[in-house]
Amino acid sequence: MPQNTLNIVILAAGKGTRMYSKMPKVLHRIGGKPMLGRVIDTAAALNPQNICVVIGHGKDQVLNAVKRDVVWVEQTEQLGTGHAVKTALPHLSAEGRTLVLYGDVPLIDVKTLKTLLEAAGNEVGLLTDVPADPTGLGRIIRDGNGSVTAIVEEKDADAAQKAVKEINTGILVLPNAKLENWLNSLSSNNAQGEYYLTDLIAKAVADGIKVHPVQVHTSYLAAGVNNKLQLAELERIFQTEQAQELLKAGVTLSDPARFDLRGRLKHGQDVVIDVNCIFEGEVEIGDNVEIGANCVIKNAKIGANSKIAPFSHLEDCEVGENNRIGPYARLRPQAKLAADVHIGNFVEIKNAAIGKGTKANHLTYIGDAEVGSKTNFGAGTIIANYDGVHKHKTVIGNEVRIGSNCVLVAPVTLGNKVTTGAGSAITRNVEDGKLALARARQTVIEGWVRPEKDKQ
């Protein structure tokens, strides 16, 4: 097997006590995706022979949440990072090298890892950092020539070693030919009673194998998450990076600090996004689209020249060109709007196709429906699509005028150019061009006297 064969081991067995959560630490999200999922994505981009994920605490939750084509290995006892990598040994190739990553270091990037792998060659690679505050972290110990000789955990460090600013990020490249022997020789004779993976550095030096340190160019790339404060800090860093990329690509963000992307955003030119908008999943926005403040848009496609007014929610839907949506509109899954459609305040659409130029400007529910072009819904129109057991379809033709406060009881079909009187409950099909009225005739009672309250 060639020496450049790459195995990747991701350590994800920890409990994460300081998260104060029933959820395993690696499932907490950055940018809408579990941290472990992000690390697996990065690992996969390196095209390794295999990816082995070591899990332990909450393993069933992890397996259910992160369904990926990797090798899952259970660490039944959490006895340290060295022990965790040892559990993965049966799944590693005899030759080549192994890159060790961490499920709670979500922002590590491909570029940094490629640099580390290139520097390590077939020897040992070590990713280091010089943070502003190294408290609690393992220190990099060098000899008089500047060569790395060991890593000392803070709990085991003396005063001189604690004064060292350069720290171990935990990310290592190790030669597989030596890995098993090194792991088998680890001792737990230390302050934490654990098998430290970091002790392999001293073993490599003792075997005459050079350790190649690479300092990460930005500290947050190798930052781990141990509590909700650190999670929030990395979330903001991640969102700031995404906002900056969009700004560089020509998107106008009214306030980059008040923008969240939890997926991917494909955009055209001259897109304007106001404050506090959240984008989730796969979102595509055409040219000259404006998104108002406080919108939530998930898995949606928005055509060119459309405007989404504030406080609108769009999910799993398609908006055609030159639409006007909102404010306070809700487009639910399988809503598909053609061009020039107007959907106004407090209008909800679900599993419905809306034809070109149709308008529903106020207080309307359209569900399980097919609507033609240039139709108008009066305020308060409701499509009653559910009979308590089954959903039923409503078909509405072109140039239909539906009066205010109408109920269309599905299944029902309204032909082209139908008009319904305000307040009607339409339960039967209406042919083209007809006027449908379905309400009680108004009665005025002459001589009626409104009763008065008894005087005390």
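In case you wondered, yes, glycine gets a Cβ from its N, Cα and C as well.
Feature annotations, reproduced from Swiss-Prot:
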REGION    1-228  region 'Pyrophosphorylase'
BINDING   11-14, Lys25, Gln75, 80-81, 102-104, Gly138, Glu153, Asn168, Asn226, Arg332, Lys350, Tyr365, Asn376  UDP-N-acetyl-alpha-D-glucosamine binding site
BINDING   Asp104, Asn226  Mg(2+) binding site
REGION    229-249  region 'Linker'
REGION    250-456  region 'N-acetyltransferase'
ACT_SITE  His362  active site, proton acceptor
BINDING   Ala379, Asn385, Tyr386, Ser404, Ala422, Arg439  acetyl-CoA binding site
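Annotated features, which come from Swiss-Prot, shown on the structure.
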residue	record	DSSP class
Gly14	UDP-N-acetyl-alpha-D-glucosamine binding site	coil
Gly80	UDP-N-acetyl-alpha-D-glucosamine binding site	coil
Asp104	Mg(2+) binding site	coil
Glu153	UDP-N-acetyl-alpha-D-glucosamine binding site	coil
Asn226	Mg(2+) binding site	coil
Arg332	UDP-N-acetyl-alpha-D-glucosamine binding site	coil
Asn376	UDP-N-acetyl-alpha-D-glucosamine binding site	strand
Asn385	acetyl-CoA binding site	coil
Ala422	acetyl-CoA binding site	coil
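Note on proximity: among His362, Ala379, Ser404, the recorded positions of the record, the Cα nearest Asp104 (Mg(2+) binding site) is that of His362. In sequence order, Asn361, His362, Leu363, Thr364, Ser404, Asn405 constitute the residues six or more apart from Ala379 (acetyl-CoA binding site) in its chain with CB-CB distances below 8 Å. You'll find the Cα of Arg332 (UDP-N-acetyl-alpha-D-glucosamine binding site) roughly 15 Å from the Cα of Asn385 (acetyl-CoA binding site).
Taking Asn226, Asn385, Tyr386, Ala422, Arg439 as the binding-site residues under consideration, the smallest Cα distance to Glu153 (UDP-N-acetyl-alpha-D-glucosamine binding site) is found for Asn226. Put simply, Asn226 is the one of the binding-site residues Asn226, Tyr386, Arg439 whose Cα lies nearest to the Cα of Gly103 (UDP-N-acetyl-alpha-D-glucosamine binding site). Of the recorded residues, Gly80 (UDP-N-acetyl-alpha-D-glucosamine binding site) and Asn226 (Mg(2+) binding site) place their C-alpha atoms 16 Å from one another. Other Cβ atoms within 10 Å of the Cβ of Gly14 (UDP-N-acetyl-alpha-D-glucosamine binding site) number 23 in total over all chains.
Cα distances from Asn226 (Mg(2+) binding site) to the binding-site residues Leu11, Gly14, Tyr386, Ala422, Arg439 are smallest for Gly14. Sequence-distant neighbours of Arg439 (acetyl-CoA binding site) (same chain, six or more apart, CB under 8 Å from its CB) are Gly421, Gly423, Ser424, Ala425, listed in sequence order.
Ranked by CA distance from Asn385 (acetyl-CoA binding site), the binding-site residues Leu11, Gly14, Asn376 have Asn376 at the top as the closest. Each of the binding-site residues Leu11, Ala422 was scored by other CB atoms within 10 A of its CB, and the lowest score goes to Ala422.
For the pair Leu11 (UDP-N-acetyl-alpha-D-glucosamine binding site) and Ala422 (acetyl-CoA binding site), the C-alpha distance works out to 65 angstrom.
Taking CA atoms as the reference points, Ala422 (acetyl-CoA binding site) and Asn376 (UDP-N-acetyl-alpha-D-glucosamine binding site) are 13 Å apart. In sequence order, Gly367, His392 are the residues near Tyr386 (acetyl-CoA binding site), counting only same-chain partners six or more apart with C-beta under 8 A. Working note on the binding-site residues Asp104, Glu153: by count of other C-beta atoms within 10 Å of each C-beta, Asp104 ranks first.
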